[in-house]
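*Asks:* Checked TrEMBL, it gives:
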type	residues	note
ACT_SITE	E52	active site, proton donor
BINDING	N39, V40, E41, N42, V43, A44, Y45	substrate binding site
BINDING	C50, C83, C86	Zn(2+) binding site
DOMAIN	1-125	domain 'CMP/dCMP-type deaminase'
Amino acid sequence: MSLLDAAREVREAAYAPYSNFKVGAAVRGASGAIYRGCNVENVAYPEGTCAEAGAIAAMVAAGETELVEVAVIAGSTEPVPPCGGCRQKLAEFGRGETPVLLATTAGGTLETTIGDLLPGRFDTSHMEGSKA
Ligand code: THU
């Protein structure tokens with residue numbers, strides 16, 4: 001199964017009664033295994049979690065900390081861009097050149113990379129030499 005098909009499949013499980021905006025995400029770990037996640041909303045809105053966060057959590061829970069490919073799909077008219085927080089989460093486990101495929105359920109796609117989604121990312125180098 002392709003990474004996009006995995007994201008499309010898990011999107012069906014999304015719990016999005018407040019936004020009615022279902023999102024599915026799939027990441028491929030360095031091992032080749034696919035991990036999926038969907039958005040999970042909450043009546044206390046800020047407690048909701050994004051699809052990308054769920055996929056990353058599944059990957060880490062399985063013992064992997066490196067992702068090599070990402071796919072995200074939603075029922076939007078344009079391929080939905082990951083939110084700022086998810087860009088940082090993806091950057092934690094991927095590389096600048098890691099490919100990200102954004103898609104719509106209608107068949108639209110946009111190919112990008114983690115680096116293009118999050119230029120100037122904060123990383124450990126920014127903490128080097130800091131004085132408490
Ligand atoms: N959402 C995601 O799951 N991923 C994204 O990349 C964008 C937004 C979810 C969060 C919320 O449940 C709904 O979409 C509307 O913002």
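Each position is counted from 1, following the chain as shown.
Backbone N, Cα and C define each Cβ position, glycine as well.
Where the annotation comes from TrEMBL, it is an automatic prediction and has not been curated.
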*Asks:* Could you check what DSSP calls V40 (substrate binding site) once collapsed to helix, strand or coil?
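*Replies:* Going by the DSSP assignment, V40 (substrate binding site) falls within a strand, counted as strand.
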*Asks:* Those binding-site residues, V40, N42, V43, A44, Y45: which ones have a Cβ sitting under 6 Å from ligand 1?
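*Replies:* Near the molecule: none at all.
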*Asks:* If you draw a 10 Å sphere around the Cβ of the residue listed as 'active site, proton donor', how many other Cβ atoms fall inside it, taking every protein chain shown into account?
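*Replies:* That number is 27.
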*Asks:* By a simple count, how many Cβ atoms lie within 10 Å of the Cβ of C83 (Zn(2+) binding site), its own Cβ left out?
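*Replies:* Here the count is 13.
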*Asks:* At the Cα level, what's the spacing in Å between N39 (substrate binding site) and C50 (Zn(2+) binding site), rounded?
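*Replies:* Taking the Cα atoms only, N39 (substrate binding site) lies 4 Å from C50 (Zn(2+) binding site).
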